[in-house]
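Undergrad: I'd like to ask you about the structure that follows.
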Amino acid sequence: MFIPAAQSAYRTLRKTQPRVRLNAIFKNGYSSKVEYKPIRSVLVANRGEIAIRVFRACTELGIKSVAVYSEQDKMHMHRQKADESYIVGKGLPPVEAYLNIPELIRVCKENDVDAVHPGYGFLSERSDFAQAVIDAGLRFIGPSPEVVQKMGDKVAARVAAIEAGVPIVPGTDGPVTTKEEALEFCKKHGLPVIFKAAYGGGGRGMRVVRKMEDVEESFQRASSEAKAAFGNGAMFIEKFIERPRHIEVQLLGDKAGNVVHLYERDCSVQRRHQKVVEIAPAPRLPIEIRDKMTEAAVRLARHVGYENAGTVEFLCDESGNFYFIEVNARLQVEHTVTEEITGIDLVQSQIRVAEGMTLPELGYTQDKIVPRGYAIQCRVTTEDPANDFQPNTGRLEVFRSGEGMGIRLDSASAYAGAIISPYYDSLLVKVISHASDLQSSASKMNRALREFRIRGVKTNIPFLLNVLENQKFLHGVLDTYFIDEHPQLFKFKPSLNRAQKLLNYMGEVLVNGPQTPLATTLKPALVSPHVPEVPLDLSPEAIEREERGEAKVTEPPKGLREVLVCEGPEAFAKEVRNRKELLLMDTTFRDAHQSLLATRVRSHDLLKISPYVTHKFNNLYSLENWGGATFDVALRFLHECPWERLEEMRKRIPNIPFQMLLRGANAVGYTSYPDNVVYKFCELAVQTGMDIFRVFDSLNYLPNLILGMEAAGKAGGVVEAAISYTGDVSDPKRTKYDLKYYTNLADELVKAGTHVLCIKDMAGLLKPESARLLITAIRDKHPDIPIHIHTHDTSGAGVASMLACANAGADVVDVAVDSMSGMTSQPSMGAVVASLQGTPLDTNLDLRTVSEYSAYWEQTRTLYAPFECTTTMRSGNADVYLNEIPGGQYTNLQFQAFSLGLGDFFEDVKKAYREANLLLGDIIKVTPSSKVVGDLAQFMVQNDLTADQVLERAEELSFPKSVVEYLQGSIGIPHGGFPEPLRSRVLKDMPRIEGRPGAELKDLDFDKLKKELQESHTCVTNRDVMSAALYPQVTNDFLNFREKYGPVDKLDTRIFLTGPKVGEEFDVPLERGKTLSVKALAVSADLKPNGIREVFFELNGQLRAVHILDKEAVKEIHVHPKANKSNKSEVGAPMPGTVIDIRVKVGDKVEKGQPLVVLSAMKMEMVVQSPLAGVVKKLEIANGTKLEGEDLIMIIE
């Protein structure tokens, strides 16, 4: 190698002396006359990272670099890295632009270029190109055209190998151009065989064939790929050696006949014959085998008169036998690992040899070339390993690389904003690590890859990381079957990509409006609710307890949950009954906001106040925080997982029992499910943190109730069986639901094993006197069972009724914090606490604490202005005693009435609700039976029908679906039976369900459901499967949303609902210790031709831009439709590319797996297969159509 002074002299010599004759006699006996001509400028007939690699070598040698680029590459980095750049191939397809030899020569001659470097791929192994360069008076930086031709011709190379005494594999004597010739060879020599491009390498046009019926199709595809990549589709066929290692020897020769090897590389980690990871030197290769292999490679090079850099490739079997494959008469993609272990710059060496310098002059004699350590190269590509490595294109929204000691990066398009096109190879960056041993080198590579942050396109980094952590790889136990035999390499933990997904979500809201329907035009308030602090106890006594391993200073005080966890449900119930004070259940976390804010309160705001609740309200009976409508609303409208909500609340509130609403055999759904679904749901709920199950049935139908009780009890939860209350037990004229009806029901539930008995007054009909009568009667019959009362304050009498219950012997009543109480919610917590202060039933809650808690919710409530019940309901209303509308339904019914255009007729809707209830037989009204009544009421108002008219015209009217299903018996049997003759007139000959609706349903196959979900979604958990069992389409939509937009539950509520204001700065806490700092900068006023608007953000101080489709603007622009991933009938493009072959037409019958279309992209062809059997209904493509990923190809019925 040159010392600095020598390098300086060398550059001066190049500039001042156009030609120098060197006559030298060397110690090794070589005598030569080599003409030395310095090179002043080099054109690289290539693109991407290899072009930049050569430019850098030129710059270091003081040589001018010249780039060429296609029209599609005009924004590519390689043209900017060169000293000069010139466009080629105007009007030509992307690849052909770089194959246009006359135009490349013209650029050289017009711009004083001395030499041409071909890089790899494209024209690098075309002898006619090398000859054209020389014929034009230029120098070709590579072997002579004769050698390129001989080594590029697989047959000629085999002949040369035989002549040089190098072992070979049996194969064809010449190139094969027809499938008939291929079939003949296979029949003669047997299978397996391998097809290889006769005029190129790199894995393009390569196929292994093991079945005779695959020969013709594989040959056509391989030949077509070879023609697209190298301009010639001729193939070479040879026997395929099983379980080989792929080892190649790097050579360097000069014009004087000197040849040295730079040791070997192991390229066995391949996928479909394309190298993925390369190692130098080859691990675990015996020295004697290495020496024989390198000696054979040098012998072959000398035999053919090889000069410049090149590679001889071998297959090495398990016995140590090795066979010549081919010579790559060019620089290889993986030359980097050889450079790292030898310290020799191969590209500079190529240039110097082309100038006429000899290897000894460069200091490259075999004895001086010694490998040091191990180097690994990983090719980071824009391919999706989870989707069969299909090329992924698009815009690099984020690019951050891994760097540091022992890491080298060779790249071209790796920067934020770069466009990854479908026209060229998917290589993004080559990452090279170097260390003293293989394990250390792999460790550096692993660390570097983990530092990468690439957003906007998918990459193969997850796959590479799995390779690097495989024990066989780390110990160098490799062969070409390595990837095929390790399916675990394809099990990925996908990148969370949370920040970019959240930016996309906010961009979507800014461009296209709210992504959850808003009930009114009101906007969320510009407030940030104050969260009251929980002071830490840092007293010496507390610190001492912590040091003894007892309670940490951050732990909350103990609560009733400790009894449940330590002693079980029976002991818990006994403790509740023994308490002298009135216990409270706080509904603020569920029923209160269901009643006042359309169930829209998000986990974000619940979790903020949770630490305060756990420390200040530890003596609550329970916190109602889950189940009922909150489950599907979380998925459907809030785009968050209800299971994650429960889990996170449990982490923050470990001491207070949680309570949920379980709709008996309906779980948290609105229909009947197989029994195993209800059991599995309860089991998973307990595992995730649930304690108490308030089990009810919308008709008080015992079989449904008891199933829910059994499921909750078997799961280990506290069973709180609920009697849904309606009517008025203090009114002797109302006999259907009298005192005896309720006490008999209580007897049955106690007999069935309930731990706690609940009266569920869902409409707030329980007047104080009725409460006294009912609770006294039940307490007299069941002195030991805890009694829990739930009501709504719609009439305004809720506090009085709850106090009456408490005085009559109830143990627990439901309340909501003051600012979330009243009207259709629960009675005020503060009012009940204050009313009982100083009495035997004193709740032992501090009114000041309640006030602080209430202040938080008073502010938080303003964030949900679009859902505020006071928009349509200004106060409580005692007419609830007439219409009996449940509190949770009252405001929802109002919003529904407004959305149906019945806002001015809501009084009529309320009256119709009463009439509908009587028509249906005066039923218990709670979800889902309340929905039946509500649907019928709105149907009556919309169609201007009286109750008598409904009954008279029942046979001809088209009733709401919920009404028909109720009358069929799909939610159970009402007390007193179904109403006649209404039922018979509506149903006519429709089937009826006798008995418990779910009893006849087959058990759900959870494993099958999980597999179905995994076909469409990544990272499907058992929780997702459970959600899908209850709400299939809602869950599918949620999973799609989450995959696209990430954890939107982490955003502040105002930003989630209506997006940030331009210029606004805010934080997004993702998890403990990880917070995003975001600033919304601007929304582009200009619309791109494809209907895209650019939205700009600053994320953690760095500029980020997201591209959002403007859904309004795009209505006036033709954009190719996208396939709906959740609809298997719609076949989408698996990768961006061009349609080159359509094999079906509209009306054709197709079978599952049948080839439909062939796409070409990135020099790779892919056959799109039918996902199902059916008939082609519609084609959205033609030959030549350019598609983006997921573009709709066709619809199959």
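Cβ atoms here come from the backbone N, Cα and C positions, even for glycine.
Whatever TrEMBL says is automated annotation, not expert-curated.
Marked as ATP binding site by TrEMBL: Lys154, Glu238, His273. What TrEMBL lists as domain 'ATP-grasp' is 158-355. Sequence annotations record features per position, and here TrEMBL assigns domain 'Pyruvate carboxyltransferase' to 582-851. Taken from TrEMBL, the feature Mn(2+) binding site applies to Asp591, Lys760, His790, His792. Annotation source TrEMBL lists substrate binding site at Arg663, Thr927. Residues or ranges marked as N6-carboxylysine in TrEMBL: Lys760. Annotation source TrEMBL lists N6-biotinyllysine at Lys1163.
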Undergrad: Which residues in the same chain, at least 6 apart in sequence, have a Cβ under 8 Å from the Cβ of Lys760 (Mn(2+) binding site)?
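TA: Listed in sequence order: Arg694, Phe696, Ala722, Ile723, Ser724, Tyr725, His790, Val926.
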Undergrad: Which residues, in sequence order, are found in the same chain with Cβ within 8 Å of the centroid defined by the Cβ atoms of Lys154, Glu238, His273 at the ATP site, excluding those residues themselves?
TA: Gly171, Ile194, Phe195, Lys196, Met206, Phe236, Ile237, Ile325, Glu326
Undergrad: If I restrict to non-local contacts, at least six residues apart, and a C-beta distance under 8 angstroms, what lies near His792 (Mn(2+) binding site) in its own chain?
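TA: Same-chain residues close to His792 (Mn(2+) binding site) (Cβ under 8 Å, separated by 6 or more) are Ser595, Asp761, Met762, Ala763, Gly764, Gly798, Thr824, Ser825, Gln826, Pro886, Gly887, Gly888.
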Undergrad: Starting from the Mn(2+) site formed by Asp591, Lys760, His790, His792, give every other residue of that chain whose CB sits within 8 Å of the mean position of their CB atoms, in sequence order.
TA: Thr587, Asp761, Met762, Thr791, Asp814, Gln826, Gly887, Gly888
Undergrad: Could you tell me the mean pLDDT the prediction assigns to the domain 'ATP-grasp' (158-355)?
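TA: Reported value for the domain 'ATP-grasp' (158-355) is a mean pLDDT of 92.
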Undergrad: Enter the number of other CB atoms within 10 angstroms of the CB of Arg663 (substrate binding site).
TA: 25
Undergrad: Give the distance between the Cα atoms of Glu238 (ATP binding site) and Asp591 (Mn(2+) binding site), rounded to the nearest whole Å.
TA: 73
Undergrad: Provide the number of Cβ atoms within 10 Å of the Cβ of Glu238 (ATP binding site), excluding the reference atom itself.
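TA: Counting Cβ neighbours of Glu238 (ATP binding site) within 10 Å gives 21.
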Undergrad: Reported as an integer number of Å, what is the Cα distance between Lys154 (ATP binding site) and Asp591 (Mn(2+) binding site)?
TA: 77
Undergrad: Taking every protein chain in this structure into account, which of the binding-site residues Lys154, His790 has the most other Cβ atoms within 10 Å of its Cβ?
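TA: In terms of Cβ crowding, the pick is His790.
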Undergrad: Whole number in angstrom, please: the longest C-alpha to C-alpha distance across Lys154, Glu238, His273 for ATP.
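TA: 17 Å is the greatest Cα spacing among the residues binding ATP.
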Undergrad: Just to verify: the residue among His273, Asp591, Thr927 with the fewest other Cβ atoms within 10 Å, which of the binding-site residues is it?
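TA: Ranked by other Cβ atoms within 10 Å, the binding-site residues His273, Asp591, Thr927 bottom out at His273.
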Undergrad: Give me the CA-CA distance between Thr927 (substrate binding site) and His273 (ATP binding site), in Å, as a whole number.
TA: 60
Undergrad: Could you state the whole-number distance in Å separating the C-alpha atoms of Asp591 (Mn(2+) binding site) and Arg663 (substrate binding site)?
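TA: Here the two Cα atoms are 14 Å apart.
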Undergrad: Sorry to bug you, but what's the C-alpha spacing from His273 (ATP binding site) to Arg663 (substrate binding site), rounded to the closest Å?
TA: 57
